[in-house]
Amino acid sequence: MVRINEHYIEISNSYLFAEIAERVNEYKQNNKNREVISLGIGDVTQAIAPAVVEAIHKATNEMACTKTLRGYAPYEGYDFLIQAILKNDFTDKGISIEADEIFVNDGAKSDTGNIGDILGQDNHIAITDPAYPVYVDTNRMAGRTIELLPCTPENYFVPNFPRKTADVIYLCYPNNPTGIALNAAQLKNWVDYALTNKSLILFDAAYEAYISQQDVPHSIYEISDAKKVAIEFRSFSKTAGFTGLRAGYTIVPKELIIQTSKGKMLSLNAMWRRRQSTKFNGTAYIVQRGAEAVYSIEGQKQIRKAIDYYRGNALTIKEGLESLGVTTYGGINAPYIWVKTPNNLTSWEFFDLLLNKIQVIGTPGDGFGQAGKGFFRFTAFGNKEDTLEAVLRMKKLLEFH
C-alpha cells in the first residue's frame with residue numbers, strides 16, 4: 001500500500017498566489033469589459049536589459065553550432081558567472097567570499113525551499129510572521145516544528161528572539177511582505193544570537209538591490225563572523241527582471257561546520273554540493289550568460305534604470321495612500337508597501353472591495369501568516385501608467401468609503 005507524506009495535509013490546499021489568481025480569473029470571466037490592474041504578485045513588467053538580451057542572443061547562436069554547443073551546466077554554475085558574482089557583489093564591496101562558496105541556481109525560491117534537504121527533521125525552526133509562504137510550507141511539508149516570530153507595528157516589524165532556542169532561523173531583509181529592512185546593529189543582534197546558540201541563519205537577500213539607506217546591509221556577511229552561522233540567498237528576478245528566465249545564487253560558506261549526533265563534524269558547503277550534484281542539473285548556459293551580462297558596465301546602468309523605475313512606483317503607491325490617511329510601511333528599501341487595511345476591514349474583505357469596485361489587485365496580508373491579518377501588500381512591479389491609475393482609483397474609492 002502506498003503511503004503519502006501526510007505533512008502535506010497540514011498545509012493549505014492552494015498556494016497564496018494561486019488562490020488569488022483563481023479569484024481574479026473568475027472575476028475576469030464574469031466581467032470581461034473591466035480592465036483589471038495588478039499590484040499583487042511580485043512579477044516584473046519592464047523589459048530585460050538590452051545588454052542581457054544581447055548576451056542571451058549570442059549564447060543562443062552558440063548553441064546552434066556544434067563547436068560551441070553547451071550541454072549540462074556545472075552543478076555549481078559556470079565559472080564566468082561565479083567570477084562576475086564574486087567580484088561585483090562581494091570583493092568590490094569588501095566582503096570576503098570564495099568562488100567555491102557560490103552556487104548558481106534557477107531562482108532563490110528553489111534553494112530557499114530545498115535547503116532543508118541537508119537539515120535534520122528535528123530542528124526547531126524560527127520564521128518571521130508575516131513571511132514568504134515558501135519558508136513555512138516547505139518546513140511543514142518536512143514535518144518540522146516551527147515557531148513564528150510576530151512582526152508588528154509594536155516591534156517595528158523587527159522580530160524578537162524565539163521563546164525556545166532556534167536551530168534554524170529564516171530572515172528575509174529587506175522583507176517580503178512588510179518592506180522593512182534591518183540596519184547593521186539589528187542584523188548583528190541576530191548573528192550574535194546564532195553564534196551564541198549554534199544556530200543557522202537562512203538569510204534571503206532577494207531584494208537587496210532596492211536598498212536606499214546607508215545603514216542597511218546588502219549582505220549578512222557585512223556582519224563580523226556571519227560566515228560561521230549564515231547561508232545567503234540572492235536572486236536575479238527582482239534585481240534584473242529574471243522572473244521568466246530563472247537565475248539566482250546561494251552562498252554556503254565553508255566555515256559552516258555542523259556536528260552530527262555522533263560527534264562528527266560536517267561541512268554544510270560539502271553537503272550542499274553533494275545535494276546539488278544529485279538533484280540539480282545546473283542552470284541553463286544561455287541564462288547564465290544573460291546573468292553575467294547583468295554585471296557589465298552597460299548592464300549595471302540598464303538594470304539600475306529599471307530598479308529606479310520600480311522605486312518610483314513604490315513612492316507613488318506609498319504617498320498616494322498616505323494622502324488618504326492610510327497607514328503604510330516599507331517601500332523605501334524594498335519594492336513592497338505594507339498597508340494597514342482601512343475601516344477595520346479584514347485583509348480578504350479589502351481584497352474583494354478593491355477587485356469588485358475598482359478592479360485593482362493586491363495581496364491579502366493574512367496569506368503571509370497570522371500577523372498579516374488586517375494588512376495588505378502592494379508591489380511596485382507594475383508599469384508606471386497602471387500604478388498611477390490604480391492609485392487614482394483607490395483615492396476615489398477610499399475618499400468616500
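Each residue, glycine too, has its Cβ placed from N, Cα and C.
Taken from Swiss-Prot, the feature substrate binding site covers Tyr15, Gly42, Lys109, Tyr132, Asn176, Asn281, Arg377. Remark: Gly42 (substrate binding site) has Asn176, Lys238, Pro335, Tyr336, Thr379, Phe381 as non-local neighbours, by Cβ distance under 8 Å and separation of at least 6 in sequence.
When Cβ atoms from all protein chains are considered, those within 10 Å of Ser235 (pyridoxal 5'-phosphate binding site) total 26, not counting its own. The pyridoxal 5'-phosphate binding site annotation in Swiss-Prot covers Tyr72, Ala108, Lys109, Tyr132, Asn176, Tyr207, Ser235, Phe236, Ser237, Arg246, Asn281.
Other Cβ atoms within 10 Å of the Cβ of Lys238 (N6-(pyridoxal phosphate)lysine) number 26 in total over all chains. Secondary structure from DSSP puts Lys238 (N6-(pyridoxal phosphate)lysine) in a helix. Per Swiss-Prot, N6-(pyridoxal phosphate)lysine is recorded for Lys238.
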DSSP on Arg377 (substrate binding site), three-state: which is it?
strand
Which listed residue (Lys109, Arg377) has most other Cβ within 10 Å, given these are binding-site residues:
Arg377
I need the CA-to-CA distance for Tyr72 (pyridoxal 5'-phosphate binding site) versus Lys109 (substrate binding site), whole Å please.
21
Look up Lys109 (substrate binding site) in the DSSP assignment and report helix, strand or coil.
helix
Between Tyr132 (substrate binding site) and Ser237 (pyridoxal 5'-phosphate binding site), the C-alpha gap once rounded to whole angstrom:
15
Taking only the binding-site residues Tyr15, Lys109, Asn281, Arg377, which one has a CA atom nearest to the CA atom of Ser235 (pyridoxal 5'-phosphate binding site)?
Lys109
